[in-house]
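This report concerns only the one structure given below.
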Amino acid sequence: MLITIEGIDGSGKSTLLARLRELLADLDPLFTREPGATWVGESVRRAIAERMDPITEALLFCADHAAHIDTVIRPALDEGRLVISDRYADSRFAYQPVVLDGVLPDPLSWLRRIHEGWSIRPDRTFLLVLPVEDAVSRLGPEKKREYFENAAILEQVQENYLNLAAADPLRFVVVDALLPKEEVARFIAGEIRAGARSSRRRPRA
């Protein structure tokens with residue numbers, strides 16, 4: 001079973017995932033993340049830091065996703081393990097269209113075509129949503145933020161996320177990230193447990 005956790009920067013994913021490790025320890029899930037679970041992730045981080053051109057950056061994210069699936073996710077799913085990923089393909093579908101706006105005529109369609117035939121569809125995606133001003137306030141001093149960690153960009157990203165969720169309501173669970181952190185964590189842990197009891201591998205996207 002593949003679970004993904006999504007949300008804009010400052011939505012509380014890191015805190016949530018740390019608590020899920022505790023609440024779901026008996027299920028022995030594999031926790032992973034994008035980017036960063038593979039060596040390609042190093043190139044992605046460099047691209048972000050050095051502000052490479054948008055298409056190069058997007059393709060590096062896709063390359064990291066491919067390596068992540070091949071070396072981490074697919075082997076774990078083949079063993080019947082529960083996999084929980086901090087970000088996945090939906091992060092690209094939410095963030096990169098903002099970066100690629102004006103570069104390509106239809107960035108989302110372009111990104112979806114790149115993923116066709118090999119990306120694995122998550123069984124469930126939990127999307128943490130909160131007012132952007134609250135998310136930005138959690139990110140610390142502005143001078144230490146990455147270029148996409150500003151309110152104008154995050155507003156567009158969250159709108160993209162909500163559009164993705166509206167288009168795929170059977171997979172997405174939208175969660176109010178302003179609720180108490182323990183309440184959020186226990187709700188999501190309960191949903192994951194319920195799904196794990198009856199899960200069957202879904203076909204690739």
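Residue numbers in this text run from 1 along the chain shown.
Every residue, even glycine, has its Cβ placed from backbone N, Cα and C.
Features of the protein shown, as given by Swiss-Prot:
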- Gly7, Ile8, Asp9, Gly10, Ser11, Gly12, Lys13, Ser14: ATP binding site (BINDING)
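In the three-state DSSP classification, Lys13 (ATP binding site) falls within a helix. Neighbouring residues of the recorded ATP site, listed in sequence order and excluding Gly7, Ile8, Asp9, Gly10, Ser11, Gly12, Lys13, Ser14, comprise Leu128, Ala135, Arg138, Ala177 (Cβ within 8 Å of the Cβ centroid).
For Gly12 (ATP binding site), the Cβ neighbour count at a 10 Å cut-off comes to 22, with all displayed protein chains included.
For Lys13 (ATP binding site), applying a Cβ distance below 8 Å and a minimum sequence separation of six or more within one chain yields Ile5, Glu6, Gly7, Asp86, Arg87, Leu128. Reduced to three states, the DSSP call for Gly7 (ATP binding site) is strand.
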